[in-house]
Amino acid sequence: HPSPGITTIFCFVCLLQINFVACQLFALLAAFWFRIYLGPSHASSAVRHAFATLFGIYFAVFCFGWYSIHLFLLVMMNYGIMNMASIPNIHRYSFVVAMGYLTLCHISRIYIFHYGILTTDFSGPLMIITQKITTLACQLHDGIGRQAEELTAEQNRLAVKTRPSLLEYLSYLLNFMSIIAGPCSNYKDYIAFIEGRHVHMKLLEVNWKQKGYDRLPDPSPTGAVMYKLCITLVSLILFLTLTKNFPMAYIIDNEFLDKTPFLSRLGYLYVVTQAAKPKYYFAWTLADAVNNAAGYGFSGVDERGTFRWDLLSNLNIWNIETATSFKMYIENWNIQTAAWLKRVCYDRAPWYPTALTFILSALWHGIYPGYYFTFLTGILITLASRAIRNHCRHYFLSSVPLKIAYDVVTWVVTQLAVCYTVAPFVMLAVEPTIKFYK
């Protein structure tokens, strides 16, 4: 029989998961209502900001109780930095304070819960807020503290020219659409959404031709939301079946290791890694649907003339499952976090950008040893994958059969390399990780 302490933690985890799903479903309904009754044509920007902020605060308090004070404290500390710090240093101070506070919270989780509450606790929203704080600080630094010719095309497009008001700042960080599960978005995109310029701005960016229109079209997100909710439902079913029946811990079970051949162990490693994915597919796709339901997330028009609602999408499942390179895999997994890492670290690192980006990613995720095993391994896998692709791929492009054979082999190797890399991320601790490596 489990001890009272373990039972308490288990019940708390279940409660947090129920709160998470309840909040996200309620947020989905609120998002539809927000788009229909508080759209830019029905309400002022101030009203939309205020509603989004107040509902976001309510969701945070409902889900995390007194722990939500950590979110509000970090937000207000960095608002002070944003208004008092000098522009040349604003991104540095914001980064140090936000990442420092997040790391202290990660440390407290280990010492208080001893690897217990791993998901849906207050550190998840704190991680998203940290991304937003550092993103805004860097873009504000680009907009006010640097010359246009010093910026890349993307930095110039996203640069923020004026410090936000308190209401705009709180709305961007605490809005109900992203307070629970994100994703991180750019400040200018969010403000354009609140002010009703978001869709038209994206249409103009792709040089939309107004043939046959007396005005720019007004795309509806309903189809995209329904499609993403179907993916969410399938992911939930897979989570309830696969994830519970194929635990990662089984691959380090003594009997399994003693009796199972090496190739069979690799095959099972692939299976348990696949079984660990549905919970991420569920949470990220539902979060994307919530934003789309509010009218946020329009990204333009594809080559077939179809309206796209993937500006805030966090994953591309097809590209993940068919990836033939490590780079392709990580570019389609947790997309918004990868974009954040690129904007605040990779593009600004004075040296070793790849290594520093992986280290920041590990630090952002937490201080569990498994995270560092994963991301340090990821550095080596990335460099090896890049080298092999650059030196070998061109030999296999001369004929279709060779290209197919190359794609099949690289798919198998990529999927197994990912499994090997992320297993410590799931197991967290040093002992099971070393046992897995052996």
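Keep in mind that glycine also has a Cβ here, set from the backbone N, Cα and C atoms.
It should be emphasised that the depicted structure is a prediction, and the values quoted were computed from it without experimental measurement.
The transmembrane segment annotation in TrEMBL covers 9-34 (among others).
Long-range Cβ contacts of the transmembrane segment (54-81) within its own chain (Cβ-Cβ under 8 Å, at least 6 residues beyond either end) map to 16, 19-20, 23, 26-27, 30, 90, 93-94, 97-98, 101-102, 105, 120-122, 125-126, 129-130, 133, 137, 166, 169-170, 173-180. Feature annotation from TrEMBL assigns transmembrane segment to 54-81 (among others).
The feature transmembrane segment is assigned by TrEMBL to 93-117 (among others).
Positions annotated as transmembrane segment by TrEMBL: 224-242 (among others).
Same-chain residues lying 6+ beyond the ends of the transmembrane segment (371-388) with a Cβ under 8 Å from its Cβ atoms: 325-327, 330, 354-355, 358-359, 361-362, 365, 414, 417, 420-425, 428, 433. Residues annotated as transmembrane segment in TrEMBL: 371-388 (among others).
With a threshold of 8 Å between CB atoms, the same-chain residues lying at least 6 positions outside the transmembrane segment (408-430) that come near it are 115, 118, 248-249, 251-252, 266, 269-270, 273, 276, 322-326, 328-329, 365, 368-371, 373-374, 377-378, 381, 385, 436. Among the features that TrEMBL reports, transmembrane segment is placed at 408-430 (among others).
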